[in-house]
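Per TrEMBL, the feature domain 'NADH:quinone oxidoreductase/Mrp antiporter transmembrane' maps to 23-287. Annotated transmembrane segment per TrEMBL: 56-76, 96-115, 151-171, 178-196, 202-221, 242-266, 278-305, 326-346, in sequence order. Per TrEMBL, domain 'NADH dehydrogenase subunit 2 C-terminal' is recorded for 290-343.
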Amino acid sequence: MSPYILLIITTSLLLGTSLTLFSNHWLLAWMGLELNTLAIIPMMTHPNHPRATESAIKYFLTQATASMMIMFSIIYNAWMTNQWTLLQMSDHTASTLMTMALAIKLGLAPFHFWVPEVTPGIPLSSGMILLTWQKIAPTALLYQISPSLNMEILILLAILSTMLGGWGGLNQTQMRKVLAYSSIAHMGWTVIIALINPNLTILSLMIYIMTTLTLFMTLNLSSTTKIKSISNLWNKSTPMTMIVFLTMLSLGGLPPLTGFMPKWLILQELIINNNPTMAIIMALSALLNLFFYMRIIYVSSLTMFPTSNNLKHHWFFSQTKTTNMIPTLTTISSMLLPLTPILIIMT
């Protein structure tokens, strides 16, 4: 891709997210979401092949449907309340429509089908942006208008997402599909606490983004897209293999890694607010995620000795991709649990 085109696309992504983050008017927020959607599509179709084009079309149609629902709820709310400001969504119908639209944008179940269909068909770099940066703007809207949303529906969607995200990732062989189902489950954890403690929503999203960025960058550096290819990483680079395993365990929420922190705080907040049943369901669903991450580690490292595996060896070329961010992100995604008391005070 031409550097000038890449600069335009990157600027558009930054501008779209910034518009949604800092806007106080519904039309500006909607424009930011649209700009985000249109900016990533050229990245999804490069390099151009039929599978990437199919994924881009699926993504565009899904996001266009969500944007249409958002616009309809905005206009309906303005018609009923004569207000265009972001925090004034008092109409029940508009609130329900906005909840469903944001669920589609975030990939919450049962509107999650586009996530595992789109992610495996696009390059690792585009998948990284799709599962991390593209979640910021809808979550920012959710954070700002959470008291106005239909939280009964949102909580039901969150529980479904954590359960289906865990079950869906059990029998996958493609790493991008595993990360897609992981995204569905983590979005459920992110939105379930939005009404009780919105600051935990932001904390959960930030830790998820940092951990997923680490995993995507490591997979992109080693050109690994399948679970069986991780076995070859022992022969190519042991540190990269250890980073992949650490990051996956952190995504699964295994203590004492960073990924345990948001799950622990969310479960604690649910119990404090007299929702023990919901906390039990969420904790059990977290075990599903941890199980399929442990399964990947078992299949790729413990079923055979790393230096004498029977998989086809790939030629190891000198790395030309940058690795500056990976050590920092690995530290953040695995060693922040001791800072939990400070983050509790902040939230």
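Glycine is no exception: its Cβ is also placed from the backbone N, Cα and C atoms.
Most Cβ pairs under 8 Å with the transmembrane segment (151-171) belong to 278-305, among the candidate stretches 56-76, 202-221, 278-305, 326-346. Here the transmembrane segment (242-266) has long-range neighbours at 182, 186, 189, 192-193, 200, 203-204, 207-208, 210-212, 214-215, 218-219, 224, 230, 233, 282-283, 286, 289-290, 293-294, 296-297, 301, 326, 330, 332-337, 340, 343-344, 347, meaning same-chain residues at least 6 beyond its ends whose C-beta is under 8 angstroms from one of its own. Just going by CB pairs under 8 A, the stretch in 56-76, 178-196, 278-305, 326-346 that sits most against the transmembrane segment (202-221) is 326-346.
Long-range Cβ contacts of the transmembrane segment (326-346) within its own chain (Cβ-Cβ under 8 Å, at least 6 residues beyond either end) map to 199, 203, 207, 210-211, 213-214, 217-218, 221, 243, 246-247, 250, 255-261, 264-265.
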